[in-house]
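Student: Take this structure, written in structure tokens, and hold onto it; I'll ask about it next.
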């Protein structure tokens, strides 16, 4: 067996191919190929074709819009149902406390977190294409929603007295404030949902690619810091205003520190106890993941214990611990969001829509790759858009995929969207039947749940060391996303990070790597001559490569790098040549004067004979040769060596994806300048789209023909060698 494997390995190592063919330039190659005939469609024909509807096409569109119609009839009950039930219950148990906790981040009463954990989750079952992600409340999105709600409806400083009238006014004010914030959050969900829906219908699912992994990780790490600081006041049981916008983290920390002496010890003890229990539970679930049939639902256990302790010890009255408070039973009647708020929150809605979609589709792709099925990015946009916009009519705020719940849903045996539907039904039972039981739940317990769930995001600080080793540019994107989101706020921070990420793309194309290529002996493979010892250059031929497209931003650097790498600067050569010609002319003039003087002086016969020896031979004078000898070393190098040593220059266009008008003019200028100093310029490995662009830009006119373009570097090298040999003969 081992010998057979070794034999196969040897065969693989010694496999060769030998192809005998002509040297192809583009002119010759295009002459031997026959293009397929394509009849271009008019705009009217395209519209008519897209509007044409058949039963098959209608069915396909319906299945695409409602994926449940495709997978539900084929649902294997015996194989999948048990796993989906266990997964749905496990995820639902997490949905409850997280829904209540993330409502605090969104600056709305906790019951609205339950609404957001029911309606969107249930709707996603019908419209979503991912079988494993858990839709619902998520810390980052909730924090962004809360920032907008606080900005539109800020806290006010109220002096609370002890008589009943002032307490009543205080409660009325906070009820009115919460109602206004709910309207802002609901309208934001409606608008972000409409944006997602429109992007999905217009097939704009690609927008998520602009949120690169380093950007998203830096952004979510900053969001974790925002979330953590916002929960400190609940953990400590102190009263501070909530801040949003630039430097909100600094203001929040300063406000907490200024009132640290008013810490509620009872709330702090309860909160820290819950944090310890949750961390222990998570560690047990992680270490014994393979042995436990389902993860220990520590969050719901902590909620139940916290609620029981609070009710039994009457923490709210006895120790003034803030509790969840009123949780109305039943579902609210649908209501239209306040449309007049849209202009003030439009930009925030765009940011929330894109971040929410990016989070969901990235997790969906991970699970789809792991389990071998496909997801549709555009349909995911439509699904999230419907979940947010329709859910907003039932008082839910913006949602997306939760990473922690998705991992639980997948690890506990979830196979389809049925698991998500079952988790939403569990939340519905709480809203309808037993929600009031959670009214004594201390807010510090919810803060503990939020803080512990940030553990995974805080681990992303390790990205700094990782990106330092792998890519400094990606490290810069991560740092900018983190710092900007931390100090400018999540909305402006995201915009800043996206802008910086695009600038890095421009920087990479504007400052590409340039190299001179050489041949691996006896092959048609060309590599960087500085990289490998075996790689050799052909005498008289320089092969130049830039790993970027040629356009307005890098055309100047391309030209300067070409001159520097090849050691041939046509402008310097021509300047040196003109300087030498001027010296030559001066020498001729001086010689003519000498001859004239010698002719008039009869007595200087010997001198006249010497002057005759200095007459021009083939247009050259001895004095002119002396002038070249008198040139500086730099002038002599540029004037003499390129003419004798380099006869051909090959531009490798393999990495070039596009060329604009400035790039085409630069290319023409390069060919013209090098031709003037006797260096032939060829272009190799030019792709079809780039060829078409050059044709549209009228590049192949006047002096430049397709005979200068070659199918490969090796074709160009062989052609240059043939040309050089024929020229020397």
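Even glycines carry a Cβ here, placed using N, Cα and C.
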Student: Which one of 133-150, 151-168, 223-240 shows up in TrEMBL as transmembrane segment?
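Tutor: It is 133-150 that TrEMBL describes as transmembrane segment.
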Student: Kindly point out the range from 44-71, 72-99, 184-211, 380-407 that TrEMBL annotates with transmembrane segment.
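Tutor: Based on what TrEMBL states, transmembrane segment spans 184-211.
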Student: Select from 6-27, 292-313 the stretch of residues annotated by TrEMBL as transmembrane segment.
Tutor: 292-313
Student: Should anything in the same chain at least six residues away from the transmembrane segment (418-438) have a Cβ under 8 Å from its Cβ atoms, list it; otherwise answer none.
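Tutor: Hits for the transmembrane segment (418-438): 75, 80-81, 83-85, 87-89, 91-93, 95-96, 99-100, 110-111, 114-115, 117-119, 121-122, 124-125, 128, 133-135, 303, 307, 324, 327-331, 409.
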Student: For the transmembrane segment (341-361), which recorded stretch in the set 100-127, 184-211, 249-280, 475-507 gives the largest number of Cβ pairs separated by under 8 Å?
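Tutor: Per the Cβ count, the answer is 184-211.
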Student: Find the member of 133-150, 184-211, 249-280 that has more C-beta pairs under 8 Å to the transmembrane segment (100-127) than any other listed stretch.
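Tutor: Comparing 133-150, 184-211, 249-280 against the transmembrane segment (100-127), the winner is 133-150.
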